[in-house]
Amino acid sequence: MVKQIDSKDAFQEALDAAGDKLVVVDFSATWCGPCKMIKPFFHSLSEKYSNVVFLEVDVDDCQDVASECEVKCMPTFQFFKKGQKVGEFSGANKEKLEATINEFV
């Protein structure tokens, strides 16, 4: 399941609640073509990796979160463990997304 983040507080709470689990954050926008293309794959990964927390942040709805996380383009995927960012990449690259999850799990 992918959790929609709607505020900076909700983002921090989700990171805190994850504990030792890997957190994968998809920063996207409704008007972004590549974001729309990879979204179903991102959701399918959330079913496949039940021990990983998947979050979605709409950069237009949560500009403060996107700014704090220094998101420059969409889609950007960031990876967190114990509240700390451990990885990041931009672009709708399915293979890289799954490989990066496997690297940190």
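Each position is counted from 1, following the chain as shown.
Using the three backbone atoms N, Cα and C, a Cβ is placed for every residue, glycine included.
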Disulfide-wise, see what Swiss-Prot says C32 is paired with, picking from C35, C62.
C35
Just checking: which of G33, C62, K94 have a Cα that is within 10 Å of the Cα of C73 (S-nitrosocysteine), counting only these recorded positions?
none
Sparsest-packed of the listed recorded positions (C32, C35, C62, C69, C73) - C-beta count within 10 angstroms:
C73
